[in-house]
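Engineer: Questions regarding the structure given below will be posed in turn.
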Amino acid sequence: MKTLWIVAVWLIAVEGNLYQFGRMIWNRTGKLPILSYGSYGCYCGWGGQGPPKDATDRCCLVHDCCYTRVGDCSPKMTLYSYRFENGDIICDNKDPCKRAVCECDREAAICLGENVNTYDKKYKSYEDCTEEVQEC
């Protein structure tokens, strides 16, 4: 019941495609996205600076960079179509912005899944990110 409540609160709190991105992350990692990645390392969550703390954090930096590249598409608000098929995430969008945002999220979710073994609880709610922002 507690997990259901947490998921319900998370669904209410997200905006735009963040729910869609969260579903992709959950599918690839088995982790609740907002709890596991909402403030992980220096780049998972809002903002970011300093060197990534591990491969998981690097996935988030790459995702931030991807969102920067598609910034004119309002990536945090753009809703897109996708599906899970035979273990893959398929982006189903003819619109270039929707496809680009979906691909950013898809690649980040795959990266997080491939690096789930680098996830280290000591970087959850990590606050020592004081160095300069990493270049994309």
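Cβ from N, Cα, C; glycine included.
When I checked Swiss-Prot for this same protein, it listed these features:
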| type | residues | note |
| --- | --- | --- |
| SIGNAL | 1-16 | signal peptide |
| DISULFID | Cys42-Cys129 | disulfide bond |
| BINDING | Tyr43, Gly45, Gly47, Asp64 | Ca(2+) binding site |
| DISULFID | Cys44-Cys60 | disulfide bond |
| DISULFID | Cys59-Cys111 | disulfide bond |
| ACT_SITE | His63 | active site |
| DISULFID | Cys65-Cys136 | disulfide bond |
| DISULFID | Cys66-Cys104 | disulfide bond |
| DISULFID | Cys73-Cys97 | disulfide bond |
| DISULFID | Cys91-Cys102 | disulfide bond |
| ACT_SITE | Asp105 | active site |
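Locate each feature and note its surroundings.
Structural biologist: Other Cβ atoms within 10 Å of the Cβ of Cys42 (disulfide bond) number 25 in total over all chains.
Look at Gly47 (Ca(2+) binding site): DSSP puts it in coil. Other C-beta atoms found within 10 angstroms of the C-beta of Gly47 (Ca(2+) binding site) number 9, with every protein chain shown included.
Cys111 (disulfide bond) has a Cβ environment of 18 other Cβ atoms inside 10 Å.
Under DSSP, His63 (active site) is assigned to a helix (H, G or I) in the three-state scheme.
When secondary structure is read from DSSP and collapsed to three states, Cys136 (disulfide bond) falls in the coil class.
The Cβ neighbour count for Cys104 (disulfide bond), using a 10 Å radius and every protein chain shown, is 26.
The Cβ of Cys73 (disulfide bond) lies under 8 Å from the Cβ of Cys97, Lys98, Ala100, Val101, each of these being in the same chain and 6 or more residues away along the sequence.
Non-local neighbourhood of Cys102 (disulfide bond): Gln20, Tyr80, Ser81, Tyr82, Cys91, Asn93, each in the same chain, at least six residues away, with C-beta under 8 Å from its C-beta.
There are 26 other CB atoms within 10 A of the CB of Asp105 (active site), with all protein chains counted.
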Engineer: Between the disulfide-bonded residues Cys44, Cys65, Cys136, where is the Cβ count within 10 Å the lowest?
Structural biologist: Cys136
Engineer: Starting from the Cα of His63 (active site), work out which of the recorded positions (Cys42, Tyr43, Gly47, Cys104, Asp105, Cys129) are within 10 Å.
Structural biologist: Tyr43, Cys104, Asp105
Engineer: If you count other C-beta atoms within 10 angstroms, which of the disulfide-bonded residues Cys59, Cys60, Cys91, Cys97, Cys129 is the most crowded?
Structural biologist: Cys59
